[in-house]
Structure formats: structure tokens, C-alpha cells
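Some features that TrEMBL has for this protein:
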DOMAIN    5-179  domain 'FAD-binding'
BINDING   40  NADPH binding site
BINDING   47, 104, 308  FAD binding site
Ligand SMILES: Cc1cc2nc3c(=O)[nH]c(=O)nc-3n(C[C@H](O)[C@H](O)[C@H](O)COP(=O)(O)OP(=O)(O)OC[C@H]3O[C@@H](n4cnc5c(N)ncnc54)[C@H](O)[C@@H]3O)c2cc1C
């Protein structure tokens, strides 16, 4: 029996789900809000773990292609003190394939392959229990019915309200992201500082992290503890000096104003480290939101969630990995379910397994964020000493 399956969202979780179903010759409708694959910048680099994201790619038959594209050398990790002293410098062994990095855009293209994604299809609401299945409403007023709707539509999921009342809450930590292009040619000193993978500097309640992507592109993340409206009054919320004109609200779209505020926030840090901000291009504001740790719901026939829609957690390198493995596992279960009763049982069993694994990672990443952006920067170092292979 061919179930009518829709997945909402063409991120890592949704595309992996669709690609594994496709491998099993099971039809799947992929509905994505973006009007085209390249409608917005794809984002930074992802490390895919052997027992999570890479396992999922194996289920999709894409492991060899991933190995050809990914950067094992990107596993290198260096930690500096705020004065620029190198505190740790981990280099991967040449044969280390535990967590190689891949650009998000490359991963997306790899997963897309032969998939026939319906671009520009923004879902507004999902209604289970309709006479003929689960009803999906679109922003253009259309509606369609499916036997199973998989919500892979990320943090602000429009599918989630059909089965859960949970909503993401702010962690108290904000990232401001910037980028450097062609770093080896234009900023060779910074290229050397960052190395082949990631470089991080941890201070009191703040951090600067730089990650190499392919093609000499670098993403830089300024991270700090602050109220959500920190930019509305820099003196009151951030303790920045009134004389420097920091009391007025910061226009987050004003690149130079954001740059000078960040430079003030990281004042006193080593000049080469601050060059990461001085040379950054646009700045993107990313307050970190999470779903409650251990988020579950009462099973609703015909609707489920995977990835960030199910378990948005701090970005400590597992969100995409978990979403991909969930997508792959759910697809295998769906493909193996002959009748509609079997399909529902398969989804139920999948949810139990997902909740247990995601709950464990949500605890780990929540505790990790507390230690990485902490009043005591030695906590960040201790965290890495525990998790980095020696
Ligand atoms: C700075 C940063 C670094 C990170 N680094 C890592 C890392 O190294 N490793 C890792 O595993 N994770 C990492 N993460 C986490 C990772 O980005 C997410 O967990 C992952 O992208 C979640 O994948 P997803 O497919 O569930 O959702 P998303 O990637 O958010 O994809 C959701 C998709 O759904 C679409 N969509 C949304 N709403 C609708 C709608 N209404 N209708 C139709 N389509 C819709 C969106 O356009 C999008 O394409 C990082 C996160 C951040 C912020």
C-alpha cells in the first residue's frame, strides 16, 4: 500500500526523510516555503557525527558522496585566551572521520539530488482528524490531504501546534553572526589564527567563535548573555559606556553601528581576535531559542515532528545530526509499514525512540551552553577538555 506522505520543510531533517523514502521507491511530497533552493544564504558549516548524521546519510545511500565533499581537517579546534594566548590546539588524525564538516549548501544539494521539491509552498496550518486524512492549509489558500504529515519545518514550526502547545523560549544567549570571504588571500593572518577548523575565545559571559567553511569562507559568531531586547539600550542592558554614545538604541540593520557595539562589548580582547569583527561583512542577529528539555506530546494519528520542530536545542553541533537520523529512521519505518494501522504503530514507535534520544541531547546541550557562555570562562575550557578527543 502506498501511503500519501507529506513532509513540511526542506532542511536537513525533511530532505533526509524524503531521500530515504525515495530510496525505498515510496512517493513523498516535499513542501518547502522558500521559493527556490538558493532563495537565501544556506548558512554555515555542519559537523556530521559518525553515529548520527553520517548514519543517516548511509541510510540514504549518500555516505561515499559525503566523504568526497566533507572536510575532515575541519575537525581541528583551537581555544585562545582573551589576550590571544593559545590554550588548546586539537588537530584531527589524518584518518579521523568522526565529525567531518560540510557546508550546509553542499549538504542540501547532496540531499536534494533527484527529489522533486515543491518550492514556494508555505504551510499555515495542519488539521488532523479530517474525514479523508490530515488537512494541510497553505498561505495561498489551497489545501491538500495526506495520510501522514511530517513537520520538519524548524524552530517556528506551523505543524507543531496540531499536536503540541509547546513554544520556543529565549535561552538568554544571543549570537551575532558575521562572515569573512576569501580569508586565505585577503586576511592571511586571520586564516592562520583560525587554522583548518574552528577557533574560539571565551570571556566572562561572552565568546567569539570562528569556523572555516569551504572556499576560504569563514563564519564568525559573537555570543553573549543579554536580555532579548539588549539592543534597545546598550548602556542599561550591556553596561556599555554612555559617553561612547551607547545609550541610544542600536539599529541592527546598521552594519557599522553593530560592529562598533560588538567591538565595545569585546573591548580589551587581543587585536587579532577583534579583527574578526573589524573585517566582518554583514551582521545577522540570532537570539538562541529552545523548546523545553524533554518535549513530548500525546500521539496524534497522522501527524509527527522531526528535527528542530520536535526538539529545538542550543546549537552545540547536534541539531541537524539528530534531525537527519530521525528523518532516515522514520522513512525506513514508513516504507516498511504495509497498512494504515501499521503506519500509525510505526510512527508511535518512532516517536518514543526520538524522544528518548533527543531528551538526552537536549540536557547535554543545555548544560553545555551554560558552561560555554558563562561568568567563569574556565568552565568553557573544562567543557572542551571533557568532550574533545585527546
Ligand atoms: C550557528 C548555528 C550552528 C549550528 N551548527 C550545527 C552543527 O555543527 N551541527 C548540527 O548538527 N547542528 C547545528 N546547528 C543546528 C542546526 O542548524 C539545526 O538543528 C538544523 O538546521 C535543524 O534542521 P531541520 O531540518 O529540523 O530545520 P531547519 O534547518 O530549520 O529547516 C526547516 C525548513 O522548513 C522550512 N519551513 C519553515 N516553515 C515552513 C512552512 N510554514 N511551510 C513550509 N516550509 C517551512 C524552512 O524554510 C526550512 O527550509 C547549528 C545551529 C546554529 C544556529
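Numbering starts at 1 and runs along the chain as it is shown here.
Each residue, glycine too, has its Cβ placed from N, Cα and C.
Everything TrEMBL records as a feature, shown here on the structure.
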| residue | record | DSSP (3 states) |
| --- | --- | --- |
| 40 | NADPH binding site | coil |
| 47 | FAD binding site | strand |
| 104 | FAD binding site | helix |
| 308 | FAD binding site | helix |
Worksheet item: So which binding-site residues out of 40, 104, 308 are up against ligand 1, CB under 6 A?
Response: 308
Worksheet item: Fewest neighbouring Cβ atoms within 10 Å: which of the binding-site residues 40, 104?
Response: 40
Discussion item. Give me the CA-CA distance between residue 104 (FAD binding site) and residue 40 (NADPH binding site), in Å, as a whole number.
Written reply: 12
Worksheet, complete the sentence: Fewest neighbouring Cβ atoms within 10 Å among the binding-site residues 47, 308 goes to 47
Discussion item. What whole-number value in Å do you get for the largest C-alpha pair distance within 47, 104, 308, the residues recorded as binding FAD?
Written reply: 16
